[in-house]
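Noted in TrEMBL for the protein shown:
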type	residues	note
TRANSMEM	24-50	transmembrane segment
DOMAIN	42-293	domain 'G-protein coupled receptors family 1 profile'
TRANSMEM	62-90	transmembrane segment
TRANSMEM	102-121	transmembrane segment
TRANSMEM	142-164	transmembrane segment
TRANSMEM	197-222	transmembrane segment
TRANSMEM	243-266	transmembrane segment
TRANSMEM	272-292	transmembrane segment
Amino acid sequence: WEFNGSSYQPSAFLMMGIPGLEALHHWISIPFCALYFIALLGNCMILVIIKKTRSLHKPMYYLLSMLAVTDLGLALCTLPTTLGIFWFNIRRIAFDACLTQMSFIHMLSLIESSVLLAMAFDRFIAISYPLRYQSILTKTTVIKIGLAIILRSVLSCLPVPFLLKRFTYCKKNELSHSFCFHPDIMKLACADIKVNLFYGMIILVSTVGMDFFFIVLSYILIIKTVISLATKNECLKTLNTCVFHICAVLIFFIPMIGLSMIYRFGKNIPPLVHTLVAYTYLIIPPALNPIIYSIKSSHIRGAFLRALRRKS
């Protein structure tokens, strides 16, 4: 398209499914439905099990509850628009609704990043200072951590929709995904977007970047503590408690960092790759996290099996 001098604030944006595969959207919706179903059912199951099992009322499982709530939020944010495109080809989303969805996606992403950091801190305290674990991570402390995480995420993302609303937009109003994303909306503006670029980079580095750095630092300290243990079996048993958290960190941070790099430096990357990375970032972690924790945590698995026996 060519800019002809006219600009405006659109009443709506047009969302995109999977480029080049529009004719197969009905078939593609099947694995997406399965992932959303697993995400919703799995995270709800974890929340119910933790609530009803008193032996799981511990800091580690409180943090896991926060992660499950965040994953539920991420799944519910993208589900209506994604399945709306795949099932009914509903591409239109109102401008304000798009900004609202974008705000929730970014806030929940920052919350998930922070919760994963808090879980790494929990593992570090449990392994390095086991005798002081209960006194350091009390229920009150966990609540304060949760409130601080929410406050940081809300304050970080609050200016973004206002920064976007001040722009005028060219007549091209087609987004790259089936959901609203800040860099995707920003590139449609007919204005200088340096402030948004700078603010987005600062927020990304000061939140997700710092969280990832401190997670890595936590595991360096954990490994240092584990190496000092007497036997190989003790080392393996201790590290085994961290495996599920490491998996959750990798499936969240790798696609998120990859998507950020693509937006900033991947101008020549095919749109299909761009789209698949975005879906991996927003849909895969909410679906896989409950599976990882259910398989790896014997406490959750045992509580789930006991609940099934009681129903039987």
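Positions of Cβ are set from backbone N, Cα and C atoms, glycine also.
The transmembrane segment (102-121) makes contact with the transmembrane segment (197-222): 3 or more of their CB pairs lie within 8 A, with pairs spaced 6 or more apart in sequence.
Outside the transmembrane segment (197-222) by six or more residues, the chain places 109-110, 113-114, 116-117, 120-121, 123-124, 127-128, 152-153, 156-157, 159-160, 163, 182-183, 186, 239, 242, 246, 249, 253, 256-257, 260 with a CB less than 8 A from a CB of the stretch. Sequence-distant contacts of the transmembrane segment (24-50), counting only residues of its own chain at least 6 positions beyond either end whose CB sits under 8 Å from a CB of the stretch, comprise 17-18, 56-57, 61-62, 64-65, 68-69, 71-72, 75-76, 79, 82-83, 85-87, 89, 283-284, 286-287, 289-291, 293-294, 300, 303-304, 307. In the predicted model, the domain 'G-protein coupled receptors family 1 profile' (42-293) has a mean pLDDT of 89.
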